[in-house]
Amino acid sequence: MSHEGIPMESDTIAAIGTALGEASVGMVRVSGPNAGDIGNRMLRLRKGPKLSARKRGMWYGTVIDPESGDEIDECLALWMPGPNSYTAEDVLEFQVHGGLQLVQGVLRATMAAGARLAEPGEFTKRAFLNGRIDLSQAEAVMDLIRSKTELASRSALQLVKGQFSDKVRRLRKRLIRLQAHVEVTIDYPEHDVESVAAAAVIQTGKELLTEIQELLRRGKMGQVLREGIRTVIAGRPNVGKSSLMNALLRRDRAIVTEIPGTTRDVLEEYANIGGIPFRIADTAGIRETEDIVERLGVERSREALREAEFIVVMLNRNEPLAADDERLLALTTNIPRVIAVNKIDLSMQLDEERLQMLAGNTPIVELSLKGGLGLRELETEMVKQVSSGGVRADDVSYMTNARQNSLLEAVIIDLEGAVEAAQNGATLDVIAVQLQSAYAGLGLVIGEEAGEDLLNEIFSNFCLGK
Ligand code: GDP
Ligand code: ZN
């Protein structure tokens, strides 16, 4: 890897490693050659050796301000000498009680003891530079920090474990073998040797294409899981849109909350339904949507619905179908959707045959939000509809980001070009150039031969303390 030549960092960095807020435990992480010294200046240990021992371990003691000698808090110190640590450097973690003042006090003490405040993502950057993780793993750490539901964080975890990188590396190995075959054949004058190489390009090239396309598809699926499916609840006034949104959001709050800089309000837009995050327009958004549907007519609702990846069309069972209902149904035929007929606790006024006809293949779920009926069926149907559109909660073990997607797309174009050239009897040196470009592109996906600018770009996006 090209980053092997970069020297180890000489300074020691520190940052708060837990989310600021109500967490019951706060953690300050220190990494670098002076981490042990800093620890020994800041810790009054009950017993046990000093941290400079090359042995990892956990110590209980008191953390003190090295300048005043004042006690800051009780503390668990986790000592991980390099290279067997996250950054491959000496790493010390102070675990203290969670209050913001306290944690900041510990951080200030590490500065007084000689550490410098870490830049965002700097721990992960060091892990990458020291060869502990590759670029896609580093990016997955960032996704993990941001991922909104358990499922999304699970697939981010798998990426961290390197499955995706392993897969790319295997594909790359096959590609380099194919390329070698082509390159060694270029100077052969015999035509049949050339045509054997061309046949290999066609066969192996197609196999690789299938696998890379699958990788891209799954990666994008992972992206959908990370971002959440943009969902709009649409319907006439009073059908129960707000009630439904509240019910969906209340139902499952299995949401990763350790995301710095995000408030609960923002997170609550996500309803985790069957492991799939539905990003339901926030309160302001839904009010806007209502305004549009309620007052501004078809043209404007068309606009609001254009962005939607999933629609719940809501109707009332105790009212006949209105012209607006029919327009809404007609407008949304091409978007994955479910029809929710609410208020089944009230008398039946809906023309069910007409609704069936307008619905076509769209599933219709009856519910009473007031009576607590049908919500589970609606959720099941939402997951089923989304899954049939290609998003499968349990199928996703890869998650790519936009950078990786565009690289993979470029690799696909290169490979398609190579196969096509081989099919058209192009000369081998033309084919070789395209294979080379595909190989380089695959390398960039996992950060091999990545330029310094790219690295800085990526790592500056990280959260502080990671
Ligand atoms: P929105 O205008 O579409 O957002 O509708 P709301 O969610 O604000 O609900 C409108 C009214 O219908 C409220 O008074 C709700 O309490 C009531 N409502 C919602 N669901 C039901 C239901 O299943 N049965 C009955 N009887 N009333 C409901
Ligand atoms: Zn409402």
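From the backbone N, Cα and C atoms, a Cβ is placed for every residue, glycine too.
All annotation found in TrEMBL is predicted automatically rather than curated by experts.
According to TrEMBL, the feature (6S)-5-formyl-5,6,7,8-tetrahydrofolate binding site maps to Arg29, Glu93, Arg132, Lys466. Residue environment of Arg132 ((6S)-5-formyl-5,6,7,8-tetrahydrofolate binding site) contains 19 other Cβ atoms, counted within 10 Å of its Cβ in all protein chains. Following the DSSP three-state reduction, the secondary structure of Arg132 ((6S)-5-formyl-5,6,7,8-tetrahydrofolate binding site) is coil.
Taken from TrEMBL, the feature domain 'TrmE-type G' applies to 228-387.
Here TrEMBL flags 238-243, 257-263, 282-285 as GTP binding site. Taken residue by residue with DSSP, Ser242 (Mg(2+) binding site) is part of a helix.
Taking the Cβ of Asn238 (GTP binding site) as reference, residues of its chain lying under 8 Å away and at least six apart in sequence are, in sequence order, Asn316. The feature K(+) binding site is assigned by TrEMBL to Asn238, Thr257, Ile259, Thr262.
The Mg(2+) binding site annotation in TrEMBL covers Ser242, Thr263.
Contact annotation for binding-site residues (Arg29, Glu93, Arg132, Asn238, Lys241, Ser242) versus ligand 2: Lys241, Ser242, each with CB under 6 Å from a ligand atom.
In the vicinity of ligand 1, defined as a Cβ distance under 6 Å, the following of the binding-site residues Glu93, Arg132, Asn238 are placed: Asn238. Calculated from their C-alpha atoms, the gap between Arg29 ((6S)-5-formyl-5,6,7,8-tetrahydrofolate binding site) and Lys241 (GTP binding site) amounts to 46 Å.
Per-residue confidence over the domain 'TrmE-type G' (228-387) averages 75 (mean pLDDT, predicted model).
Sequence-distant neighbours of Glu93 ((6S)-5-formyl-5,6,7,8-tetrahydrofolate binding site) (same chain, 6+ residues apart, CB-CB distance under 8 A): Gly17, Met27, Val28, Arg29, Val30, Ala77, Leu78, Met80. Secondary structure at Arg29 ((6S)-5-formyl-5,6,7,8-tetrahydrofolate binding site), taken from DSSP and collapsed to helix, strand or coil, is strand.
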